[in-house]
Amino acid sequence: MTLKELLVGFGTQVRSIWMIGLHAFAKRETRMYPEEPVYLPPRYRGRIVLTRDPDGEERCVACNLCAVACPVGCISLQKAETKDGRWYPEFFRINFSRCIFCGLCEEACPTTAIQLTPDFELGEYKRQDLVYEKEDLLISGPGKYPEYNFYRMAGMAIDGKDKGEAENEAKPIDVKSLLP
């Protein structure tokens, strides 16, 4: 080993210790999570929930568009129908161990039943616990759209009433009439 190699080695050791000393007093970037709140952007996409309409009924009509739009196939559901003709999911299941939180299911939902919340604490010890059923996903409120009701907006027929007899609905137009 030459004197030059010895001085270069000693210089790198001194430089390393100097850098450690500089970084020891620098401001920390690590957040102490439970004590310090985490900043979430306004459009953060977290846990998926199923919402209710203003009347308290489930918004989901089991159209299956969310399952078709999901790129990883983590949503599964089965349609059922009530006595008054309203559709609802008999079961609704999301596997959060596969979900990539892309938000395509929320965009595809015509009833705004599926909504992504800013909740990000989904840690579990067993993978089976990340499969959420309808009871786990359904919340008591309307979520982001408190006044929206799919059955009122879509003009779905109401049992016992003809078209045009429902609340705030105009009578149907007779297209064969010559009257203005």
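Cβ atoms here come from the backbone N, Cα and C positions, even for glycine.
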Same [4Fe-4S] cluster 1 site as CYS60, CYS63, CYS66 according to Swiss-Prot: which of CYS102, CYS109?
CYS109
At the Cα level, what's the spacing in Å between CYS102 ([4Fe-4S] cluster 2 binding site) and CYS66 ([4Fe-4S] cluster 1 binding site), rounded?
12
According to DSSP, does CYS102 ([4Fe-4S] cluster 2 binding site) sit in a helix, a strand, or coil?
coil
Near the Cβ of CYS70 ([4Fe-4S] cluster 2 binding site), how many other Cβ atoms are there if near means within 10 Å?
20
Whole-number Å value for how far CYS105 ([4Fe-4S] cluster 2 binding site) lies from CYS66 ([4Fe-4S] cluster 1 binding site) (Cα to Cα):
4
With every protein chain in view, what's the tally of Cβ atoms within 10 Å of the Cβ of CYS63 ([4Fe-4S] cluster 1 binding site), excluding that atom itself?
18
